[in-house]
Amino acid sequence: MLVQTARNGALRAARTTNNARLFATAAGVREKHTLPDLPYDYNALEPFISAEIMQLHHSKHHQAYVTGLNTAEEKLHDAVSKNDITTQISLQQNLKFNGGGTGSDTCPSSHSIFWTNLAPQKLGGGEAPKGALHNAITKQFGSLEEFTKTFSAAAAGVQGSGWGWLGYNKATKALEIATTPNQDPLLHLTPLLGVDVWEHAYYLQYKNVRPDYLKAVWSVVNWKNVAERYAAVAK
């Protein structure tokens, strides 16, 4: 019974990874994940987020998650082919961490959504949301100011490393603020806005004063992108 339970758990995990593009073609050839290009230059978010931070964050930290996910998937592919249940189970935390750290077009998570949630001010970064998203935020939180205050407090309170989120609850049809530790993906809500509060996202510029970073980041939040994500789910 225990062996069968473990086998079923591993098979479910393998199917989940498959949905995340473990095997990308009908021929069974796995398509490797790649680091997505930023939609702006590294210095485009200055003075709010420095070019040095953006370069290290994107080209080093995000790249490390992409590399780690590819490596873990290769090991999982090999373990599945050998019906090695023990190795399949042992890889799940690695897949969760690196998969959550990078995300994809079909599974927006952490960095895959974070880069698009930001924009230079010359391209609309920091401009207040309008229309349906603005109305929803006002209804749920009283005002945009109250929302940012509540969100920032929640994100500042993350112990260690993690993320602050604005998500959409499909069951209640309402916006919710949430936090996740480390690179854990936001699974119970549809992510609309994610703010990275790992130290590598701000320490070179803001040192250990996370609230200062959270205050500055609103000046480059791409509310148009958040509104598009909201419109796609709040139908």
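Placed from the backbone N, Cα and C atoms, the Cβ positions cover glycine too.
According to TrEMBL, the Mn(2+) binding site annotation covers HIS57, HIS111, ASP196, HIS200. Summarising the annotation, TrEMBL assigns domain 'Manganese/iron superoxide dismutase N-terminal' to 32-119. TrEMBL lists 129-229 with the feature domain 'Manganese/iron superoxide dismutase C-terminal'.
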Give the sequence-ordered list of residues that share a chain with HIS57 (Mn(2+) binding site), lie 6 or more positions from it, and have CB atoms under 8 Å from its CB. ASP196, HIS200, ALA201
Do you know which of the binding-site residues HIS111, HIS200 has the most other C-beta atoms within 10 angstroms of its C-beta? HIS111
Taking the centre of the Cβ atoms of HIS57, HIS111, ASP196, HIS200 as the Mn(2+) site, the remaining residues of that chain with Cβ inside 8 Å are HIS58, HIS61, HIS62, SER110, PHE114, TRP198, ALA201
Counts of helix, strand and coil residues, the domain 'Manganese/iron superoxide dismutase N-terminal' (32-119), according to DSSP: 52 helix, 1 strand, 35 coil
